[in-house]
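In TrEMBL this protein carries:
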type	residues	note
ACT_SITE	A:His268	active site, tele-phosphohistidine intermediate
ACT_SITE	A:Glu337	active site, proton donor/acceptor
BINDING	A:Arg267, A:His268, A:Gly269, A:Glu270, A:Ser271, A:Asp272, A:Leu273, A:Asn274, A:Arg317	substrate binding site
DOMAIN	A:46-260	domain '6-phosphofructo-2-kinase'
TRANSMEM	A:437-463	transmembrane segment
TRANSMEM	A:470-494	transmembrane segment
Amino acid sequence: TSSSSSSSRCGPLIHTAYPRELTQNPLKKIWMPCRNGHIAQRRVCMTNCPTLIVTVGLPARGKTYIAKKLTRYLNWIGVPTKEFNVGQYRRECLKIYKSFEFFRPDNNEGLKIRRQCATSALNDVREYLRVEGGQVAVFDATNTTRERREDIMKFAEQNSFRVFFVESVCEDPDVIAQNIVQVKLGNPDYIHCNSEEAIEDFMKRIKCYESSYQPLEETLDRDLSYIKIMDVGRRYLVNRVVDHIQSRIVYYLMNIHITPRSIYLCRHGESDLNIKGRIGGDSALSARGKEFAKRLGKFIEEQDIKELKVWTSQMKRTIQTAEGIGVPYEQWKALNEIDAGVCEEMMYEEIQENYPLEFAMRDQDKYRYRYPKGESYEDLVQRLEPVIMELERQENVLVVCHQAVMRCLLAYFLDKTADELPYLNCPLHTVLKLTPVVFGVFLLSFCVFLLSSLMFSFSFYVFSVFFVCFLRYLVCFCCHFVSLAFPFSFWHFLSFSVFLKD
Amino acid sequence: MTNCPTLIVTVGLPARGKTYIAKKLTRYLNWIGVPTKEFNVGQYRRECLKIYKSFEFFRPDNNEGLKIRRQCATSALNDVREYLRVEGGQVAVFDATNTTRERREDIMKFAEQNSFRVFFVESVCEDPDVIAQNIVQVKLGNPDYIHCNSEEAIEDFMKRIKCYESSYQPLEETLDRDLSYIKIMDVGRRYLVNRVVDHIQSRIVYYLMNIHITPRSIYLCRHGESDLNIKGRIGGDSALSARGKEFAKRLGKFIEEQDIKELKVWTSQMKRTIQTAEGIGVPYEQWKALNEIDAGVCEEMMYEEIQENYPLEFAMRDQDKYRYRYPKGESYEDLVQRLEPVIMELERQENVLVVCHQAVMRCLLAYFLDKTADELPYLNCPLHTVLKLTPVAYGCKVESVYLSVDAVNTHRDRPEVGPMEEIHHVHFVKAFPNLRPVHIFTFLHMIERVTVKCLLCVIVNVMQSV
């Protein structure tokens with residue numbers, strides 16, 4: 001659907017064209033005029049101009065962290081966003097990084113290459129925002145001089161992009177040192193160095209920028225739209241927020257933090273309707289579900305988590321599961337399972353029989369498909385946005401929710417696209433532990449299995465368990481080393497199974 | 001939302017919009033369900049002094065004045081403690097100039113003794129036009145200046161501001177680095193936010209960063225009469241009736257006549273509101289959040305049918321219509337939470353027409369007109385009527401325009417039944433499920449009448465014999 005043009009003064013009524021007949025889009029259940037015309041379905045970002053977000057700051061100030069996180073958030077809420085890291089362009093251009101000398105302010109050769117890389121990145125930005133249908137582009141570079149920022153603004157003006165600066169200012173040497181160790185040492189630039197050499201070189205690199213650093217100022221830059229983040233979020237300066245998307249970006253940036261913590265996601269225990277193979281409803285836990293609740297309580301106790309908060313939905317099965325843990329919990333209506341409308345409490349076979357068209361359309365586009373008188377995954381994402389915002393604010397949280405809801409939350413943390421989201425695997429009786437690490441999320445999957453029937457003999461079972469474990473460890477370690485080589489990949493994946501026996 | 005009660009403290013010279021911000025914030029927090037109350041020290045001073053003479057009272061060397069002002073502040077803080085500790089309030093807004101560091105430290109000591117969290121909201125503005133407009137719009141109507149003419153009032157007020165200026169110590173970067181505050185500069189052009197520590201402060205900051213004072217109007221109306229409206233059924237997704245379509249056309253003409261600058265039109269995703277907006281003939285935006293309240297199992301039923309099939313639910317709805325949630329449906333309380341992003345965006349926008357539904361319109365209206373949760377579900381929002389809301393001074397001016405197209409009445413007044421009768425009614429209904437409540441009431445009334453008549457006869461007879 002095309003976004004509406006800003007309606008100017010209400011001119012003369014177009015009597016011939018209006019009122020138009022309405023039909024309901026069978027997939028999304030949206031009423032639209034019969035002919036393609038002026039219809040604007042509420043998209044999160046009501047901006048007509050594409051937005052160009054520009055990071056500003058010395059190296060090791062968290063610009064790329066912010067850029068990647070913001071891109072992930074905007075994509076999740078439905079605003080097509082892409083990140084353009086100028087350092088990447090420089091690495092592709094240079095191939096081999098020698099030393100900080102490249103960044104010296106008097107190195108004309110270096111300056112020329114860096115300007116070329118920036119221009120190349122801006123060209124790709126234009127391509128993305130104009131041709132490929134992107135709505136927000138994040139231009140991630142130091143952009144520490146006023147001159148460079150003016151070049152970017154000229155570029156944006158030529159292309160009718162709105163510019164929003166995100167400056168990160170930090171003078172705390174501990175934070176900077178930790179930043180360097182966590183992020184830069186794994187950087188492709190420093191693969192061939194040892195830690196000490198790398199740190200020393202990087203500090204000199206920062207020095208090269210410091211002399212020419214011109215921060216965003218109150219008087220000189222009073223007409224620019226920007227947010228200045230100081231001391232890792234202790235203090236913010238916000239200037240001239242002009243539209244909805246900038247307001248949302250500011251709100252998001254003011255809620256994120258870098259305190260180490262873990263988020264635990266799991267579904268409710270097995271419910272009576274699960275056993276019958278029916279979707280939706282508000283049933284109670286089955287016997288195995290109750291057993292899971294107890295095991296979950298033990299697991300949480302063993303983990304010994306500092307100040308854990310427990311959130312559930314307002315449906316009986318999640319609350320019963322949280323009751324099994326034995327700690328205070330908070331009920332969120334927003335965490336309720338997706339509303340299947342007329343298909344509530346039906347089996348998939350029944351849906352196929354009674355609503356074959358709906359069933360077919362759901363398989364066509366599971367993300368956007370809305371159940372008749374129900375919801376879609378797209379609606380679910382919009383409903384879950386306050387939950388994500390509060391999760392960003394909090395520290396250690398356990399969220400007991402439902403399959404579709406867990407998929408949406410997982411897609412946010414693991415940066416999955418709308419096409420992958422509805423097919424993410426979220427089995428019952430499995431707890432996912434998410435720990436933010438470097439530029440992504442470290443996923444630990446704990447499977448709490450119940451030995452409900454002894455199909456195999458004890459020894460064979462034990463052997464198979466350990467063999468599978470060993471295999472998975474092997475795969476994991478390979479993945480780990482592989483991902484070390486590509487530190488900018490979004491997530492590490494380690495699978496760790498815990499088998500608890502009766 | 002927060003474990004400790006929060007004390008919001010406004011800071012700033014007179015005529016910087018502190019009371020405007022305090023009242024608006026209080027209204028917003030109450031609407032989203034956080035019990036909040038505003039404490040304006042100027043009010044306390046007026047009660048204490050009775051008659052305001054001149055700006056001399058505020059001179060920094062007027063010891064008598066200083067003593068009274070400090071007393072008023074203390075009295076207000078005592079009421080704050082009463083509200084937050086005893087009356088169950090969660091946020092208190094302490095609205096005064098609080099321009100000296102000393103006064104702010106007193107407040108912080110008070111808050112620490114009582115385990116309140118403090119959040120400062122400072123308003124800084126040096127634009128003389130804004131200040132002048134502020135004085136004209138707000139201060140001239142102030143009880144202090146009732147007996148003066150405009151010029152005298154303005155002159156006196158400017159001198160009053162001067163009294164504060166010399167001792168004004170704004171919140172500073174280094175000295176106040178450990179305080180939680182937001183500094184609003186130049187009416188929202190620029191914000192400085194320091195140390196936001198919890199959820200409620202984060203929401204307050206987000207809200208304050210989205211409001212503006214540009215003059216504008218918000219138009220609220222319901223969709224035109226729908227087919228289900230005529231049948232007396234609730235919910236559903238029906239089309240407009242003939243009269244509803246007529247309303248859509250009249251609405252289009254009305255909007256044209258109003259000649260509104262850059263009007264945005266928002267509808268829900270239900271057919272009847274979209275058809276209404278189509279009648280206007282301008283581009284519109286569909287919001288799922290504006291959909292009518294979900295009546296769950298009672299969708300597309302008549303109120304009589306609900307009373308017959310779910311008598312207990314029906315009774316409970318009348319008991320607490322705001323918190324009552326339809327089985328597998330929603331409550332007004334859920335609706336408010338669903339509409340919060342709509343309100344936030346309405347605050348950001350300028351001229352907007354919202355075509356929505358009865359329950360939704362009641363929630364939006366309650367926000368703008370500062371209605372409580374008890375009043376909200378009974379606000380009158382008839383079909384084919386447009387409400388024009390224009391923010392003025394500290395509140396909202398409402399103009400109601402009925403577009404002269406007949407429609408059914410979908411409003412149900414608050415029932416006269418009191419809580420005790422309700423309980424009897426409910427128990428009786430459980431015992432005799434086939435009896436309708438109407439029958440029970442007439443029966444009870446009949447018994448009452450008969451008993452009263454008998455008693456009267458007995459008394460008369462006794463008196464006669466005596």
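Cβ atoms are placed via backbone N, Cα and C, with glycine included.
Predicted, not measured: the structure shown is a model, and the values here were computed from it.
A helical conformation is recorded for A:Arg317 (substrate binding site) in the three-state DSSP classification.
Sequence-distant neighbours of A:Arg317 (substrate binding site): residues of the same chain at least 6 apart with a C-beta under 8 Å from its C-beta are A:His268, A:Gly269, A:Ser271, A:Asp282, A:Ser283, A:Ala284, A:Leu285, A:Gly289. Within 8 Å of the centroid defined by the CB atoms of A:Arg267, A:His268, A:Gly269, A:Glu270, A:Ser271, A:Asp272, A:Leu273, A:Asn274, A:Arg317, the record's substrate site, lie the Cβ atoms of A:Ser283, A:Leu285, A:Ser286, A:Gly289, A:Leu428, excluding the listed residues themselves. Non-local contacts of A:Leu273 (substrate binding site) by the CB criterion (under 8 A, 6+ apart in sequence, same chain) comprise A:Ile279, A:Gly280, A:Gly281, A:Ser283, A:Glu345.
Between A:Glu337 (active site, proton donor/acceptor) and A:Arg267 (substrate binding site), the C-alpha separation comes to 10 Å.
Listed in sequence order, the residues of the same chain lying 6 or more apart from A:Arg267 (substrate binding site) and placing their CB within less than 8 Å of its CB are A:Val400, A:Cys401, A:His402, A:Gln403, A:Met406, A:Cys426, A:Pro427, A:Leu428, A:His429, A:Thr430. Under the three-state DSSP scheme, A:Leu273 (substrate binding site) falls in the helix class. When pLDDT values are averaged over the domain '6-phosphofructo-2-kinase' (A:46-260), the model yields 92. Once the Cα atoms of A:Arg267, A:His268, A:Gly269, A:Glu270, A:Ser271, A:Asp272, A:Leu273, A:Asn274, A:Arg317, the listed binders of substrate, are compared pairwise, the greatest separation found is 14 Å.
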